[in-house]
Amino acid sequence: MVFKVRCTTRVQQERFSNLSLADDPKMVMKSNRCNRCYLATLLISCLAFLAVGILIGYFVKDNTTPNDNETNPASGLTGQPSVEEAIRKILNRLDKSKIKENLRLYSSDTRMSGTPGGNELVHILEKSWKEAGIDSVKTTPYDVLMSYPNDTHPNKIQLMSGNTVLFESATAEKALDADSNKKTIVAPFNAFASAGVAEGDLVYVNYARIEDFMYLTKNLSMDLTGKVLIARYGKIFRGSKVENAQNHNASGIVMYTDPSDFNMAGEATYPKSWWMPDTGVQRGTVGPDGDFLTPFYPAKDYAYRKTEKDIAEFRIPAQPISYGDAEKFLRELNGVEAPPDWRGKLNITYRIGTGFSNASLRAKLIVNNFEEIRTIYNVIGYIKGSVEPDRYILLGNHYDAWVFGSIDPLSGTAALTEIIHSLGDMLKQGIRPKRTIVFCSWGAEEHGLFGSTEWVEEYMKVLYERSIAYLNVDYAADYNYVLTAGTSPLLQDTLYETTKLIANPDKTSSYKTLYDIWNKRAPGENGEPSVYYSLGSGSDMATFYQRAGVPSVDMWFTYNSDKWPILSYPVYHSAYETIYLYENYIDPDYSYNLAMAQLWSGMAWKLANDDLLKFDVRRYSTAITHFVSNLENKFSKSWHAQNVNIDALKSAAQNLTDSANKFQTYVKSASIKSAIDYRIINDKMIQFERAFIDPEGLPERRIYKHVIFAPSKYDSYSDNDFPGIVDTMFEIESNNVVDKWDQLKQQVSIATFTIQSAANTLDDVGL
């Protein structure tokens with residue numbers, strides 16, 4: 001409450017200005033004395049009024065409620081709308097015609113990082129964000145090792161008979177529309193696959209998972225040394241397929257999109273539908289997260305860099321091809337017939353090999369990729385908070401695409417820019433969030449999360465201390481059916497609450513809100529919509545969550561997987577992911593893209609303005625208790641035989657549950673009288689996620705530091721609960737690595753310590 005006291009009225013001012021005292025000296029002296037008395041009396045009166053005002057303000061302050069934005073000391077400027085009122089303003093301002101305009105512009109050319117098209121989009125975004133009127137916009141450059149195909153010597157796989165080439169895979173996708181005929185389209189390749197030639201017998205390895213290789217080497221006693229492998233895309237990260245092939249001494253690997261996983265064979269294909277045609281090829285990286293040459297540190301001009309010869313990740317050639325081309329090779333394979341669950345939807349008999357039915361045939365894989373250091377850019381925008389400028393809500397999406405990226409990622413980028421313009425309009429109306437909102441458009445995500453990883457590495461210290469949440473949207477929609485969300489348990493309630501404020505984008509449905517239709521189409525436990533907690537490392541939330549311990553969410557709209565049991569949207573990372581595809585088959589009227597913009601911005605505004613964050617730590621303790629129970633059910637017998645201390649792990653989980661319940665009860669009943677009271681409680685909740693970060697990292701994978709959730713060692717797209725424990729047990733059970741029991745005991749001990757430490761952070765003092 002601000003008091004403005006004026007010591008004279010307008011009438012008094014006029015009276016003083018009209019007096020003429022110069023003619024009578026006595027009158028002047030008398031007037032001076034009167035004036036001095038009058039002014040003294042007036043000053044005393046003003047001070048008295050001020051004192052009364054302060055007392056009134058003090059008592060009013062003590063009796064405010066936490067949600068009163070007019071008087072609450074944590075609420076910033078007076079006269080600001082309530083959180084829900086502001087969200088309604090934002091939602092009403094968001095314009096799907098503007099999102100459409102953005103997406104058409106962004107996907108009008110190819111946008112791979114380190115190329116002219118990618119750099120052009122950086123300038124487009126920077127200019128548009130500045131025009132939105134937010135506080136500041138900047139680009140952050142990083143010099144990272146990138147991988148590209150050789151335009152003059154394209155990659156290919158050949159079917160050879162002696163020195164004669166009987167068949168050769170296409171070096172470019174067939175042009176099926178005006179967009180897919182553009183010269184800027186990059187040739188199909190796997191980034192960071194080693195250049196070289198692999199030649200020899202061909203072996204079909206299904207999805208190239210660990211269990212697939214175990215079937216080949218154990219059940220069929222097959223030696224894969226020197227063989228060229230062919231695998232279908234899906235189930236696990238393509239880089240894990242290459243790593244598994246390399247670990248089994250294969251000379252190279254080819255990957256293709258089988259119709260069973262990306263086409264639903266028998267239906268029309270693009271451009272007559274959204275299904276992948278037999279000429280489509282999925283590009284993608286096979287490398288790990290972050291710049292190869294500067295692990296753990298940002299790729300700045302001052303950085304120490306490893307030499308390229310020191311990189312040991314991938315040493316065999318790898319190349320993607322279409323299923324039309326793959327059929328030519330698979331049809332000729334010799335050997336035993338593949339098991340039923342290895343068979344796709346090609347019109348062939350699936351066989352494993354080794355080699356071809358014609359013994360004179362062999363496969364020859366030629367890869368001419370090259371690596372070089374190039375500068376990539378992030379675009380970062382800021383709206384400074386009015387009350388807690390040192391607390392950050394971050395919204396992130398990458399702008400780089402393998403080709404046009406109308407779905408991945410530019411449907412998300414189009415929404416993000418419209419959000420920025422909406423919040424810029426709020427600023428022009430004098431409406432500012434209490435906490436700082438940061439907008440992040442990442443470069444080179446497709447090559448390996450480069451932009452986000454290098455940025456987090458550069459600002460790790462600040463993010464670790466001050467960040468509240470990271471909200472990731474890799475792309476807004478790959479179909480118009482249901483919301484999918486992976487989230488930290490801490491953000492689950494904010495996610496639910498926000499979806500209840502947003503209209504159902506399906507206008508043919510009787511359900512009113514996004515929450516209602518989500519709960520109908522993806523029901524979970526306890527009558528709530530289904531979410532998953534394991535975020536993996538398939539997008540830019542990975543480094544925030546796995547290394548900085550920032551509570552994160554990743555969300556998008558997708559198809560009905562019960563109707564279409566496919567592994568991703570069909571034309572994923574191909575030249576056919578065009579604006580024509582998006583506007584005809586994905587989200588024709590942009591209703592789902594608009595709903596994602598509303599959800600994304602609504603969550604951000606709530607997190608930036610709620611006096612008390614809606615973080616329920618009991619969701620975390622419930623999840624951990626469930627995970628510990630699963631470990632006991634699965635491994636109890638073998639653990640007791642090896643004296644693994646599971647009882648201590650269970651005790652720590654129970655202690656966390658007790659502390660979480662106690663803390664949540666306190667939060668609900670606490671008498672909050674000042675901004676510092678909110679700050680204390682909020683900081684405990686913010687730091688709670690960080691309590692699960694182990695600075696030493698996971699065994700053999702120090703880059704991953706989250707003890708509860710981290711990508712699987714054998715598939716970085718998916719997570720394990722207690723990854724250090726689960727990965728070690730996999731090695732013990734599947735590979736009979738008996739000397740891993742001591743490592744297992746250590747991982748159980750670390751998990752026990754970490755859970756107990758998290759419990760301590762919720763206590764009043766914690767020491």
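Cβ from N, Cα, C; glycine included.
According to TrEMBL:
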- 37-60: transmembrane segment (TRANSMEM)
- 199-285: domain 'PA' (DOMAIN)
- 378-564: domain 'Peptidase M28' (DOMAIN)
- 645-762: domain 'Transferrin receptor-like dimerisation' (DOMAIN)
Please count the residues of the domain 'PA' (199-285) that DSSP assigns to helix (H, G, I), strand (E, B) and coil. 24 helix, 19 strand, 44 coil
Take the domain 'Transferrin receptor-like dimerisation' (645-762) and count its residues per DSSP category (helix H/G/I, strand E/B, coil), listing them in that order. 78 helix, 15 strand, 25 coil
Confidence over the domain 'Transferrin receptor-like dimerisation' (645-762), expressed as mean pLDDT on the 0 to 100 scale, is 90
